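Chemist: A single structure is presented below for examination.
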Amino acid sequence: MRLFQSTCVLVGTVLPLFTAFPISSPREIEIIPDKYIITFKKGIDQAAIEAHTAWVSSVQARNTARGFTTAETPGLERMFSIHNFNAYSGSFDRETIEEIRSHPNVESVEPDSMAYVTELIEQRNATYGPRRISHREIPTGDNSYWYDSKAGEGSFVYIMDTGINKAHVDFEGRAIPGVNLHDVAFDDTHGHGSHCAGIAGSKTYGVAKKATIVDVKVFTRGGGAWSLLMGGLDWSVKNITGEDRQAKSAVSISISGPTNQAMNNAVKAAVEAGVTVVVASGNDGRDAGRNSPGSAPESITVGSINSRRGMDTRSSFSNYGSSVAIHAPGEGIISTYKGSRDATANMSGTSMAAPHVAGLIAYLQSIHDLPDPAAARRKLLELATSDKIQDVRGSANKLAYNGSGK
């Protein structure tokens, strides 16, 4: 293994100075009026799905004629098929949704609700993320990131977020368009997605410096419907399995909200299809089991740490508990940003911790034979530094490490 050394040079950030990291107020479920996610029972075949959707259209048409349906409830909008998970979402009037709920092929009907990106606050501190995960101990005299020369080459990280500033020089042309679920420019006008993408795989700030970064634009702002996130995951799984990339890909989701079982089931199906899914634990300072997709047992749920005062400590905002499999740096992280070809920003949150781990998985996939999510998870946790983090509150006391030997 040939180790490379990278010393981060800090550039001017575009964000104001903050000195504290308050816990985000835990979000209550924010239901989107008249929008629902309908999950089919396991084992349903395609013919039955097509028959059901035709039936839904007929029910909707009948209720439109009766005056029950309005412009706000146009009917079926999006279909999902991830491995053995089949579902759809749409806007339905009360009469139509009650008929759907009673259909023998329907497992569950859930209101569609909001999920949010999980950055917390911006702060002008020196970035330390890649440096920390290439050292067993907190580096005091070594400001370098040590990494294998393969550096994620041939691997893919799918960033499900607000889009990516793909023209940024630090991506070196490796950030490519995947899918845009909105009728807007395929770019990032929010900044969160570009920042996460840079942590995973940019030249200066990234963990997997040679990986391909795939832009899966699910939100245009800091929040959106679960059904949009499910649509992005549906596309990602189909793309990964269609290109036979299961052993060379990770999906990174730095989005969180109150528990949504359909979203958790979609993650479960993605992993069963052979796709590794990494998610942020959330910034509520509470048990991650109360959030999705962090509560999905099949996901690799990531908490945030800081390394102030000479010790690694769980960030006060970071969700915790048995759902959290591993931690990574998440405070004062400098990375790529929106707006120009060289924009940077300094941000904090479990949103920043998760792409460290997604990038690390892509990095490890380029070095080791990791054919499926179980193997990727096993290698990640096998390498992780144990029992160094203060105040884990029931989370796994594991800190991401790239195996550099430093």
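All residue numbers here begin at 1 and follow the chain in the order shown.
Positions of Cβ are set from backbone N, Cα and C atoms, glycine also.
Pulled these features from Swiss-Prot for this protein:
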SIGNAL    1-20  signal peptide
DOMAIN    35-115  domain 'Inhibitor I9'
CARBOHYD  N125  N-linked glycosylation site
CARBOHYD  N239  N-linked glycosylation site
REGION    283-309  region 'Disordered'
CARBOHYD  N346  N-linked glycosylation site
CARBOHYD  N402  N-linked glycosylation site
Chemist: At the level of the C-alpha atoms, what whole-angstrom distance separates N346 (N-linked glycosylation site) and N402 (N-linked glycosylation site)?
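Modeler: That separation, Cα to Cα, works out to 23 Å.
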Chemist: Counting other CB atoms within 10 A of each CB, which of the glycosylation sites N239, N346, N402 comes out lowest?
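Modeler: Lowest Cβ count within 10 Å among the glycosylation sites (N239, N346, N402) is N239.
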Chemist: Rounded to a whole number, how many Å is the Cα of N239 (N-linked glycosylation site) away from the Cα of N402 (N-linked glycosylation site)?
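Modeler: About 27 Å separate the Cα atoms of these two residues.
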Chemist: Averaging the per-residue pLDDT over the domain 'Inhibitor I9' (35-115), what integer do you get?
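Modeler: Looking only at the domain 'Inhibitor I9' (35-115), pLDDT averages out to 93.
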Chemist: Tell me whether N239 (N-linked glycosylation site) sits in a helix, a strand or coil according to DSSP.
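Modeler: DSSP call for N239 (N-linked glycosylation site): helix.
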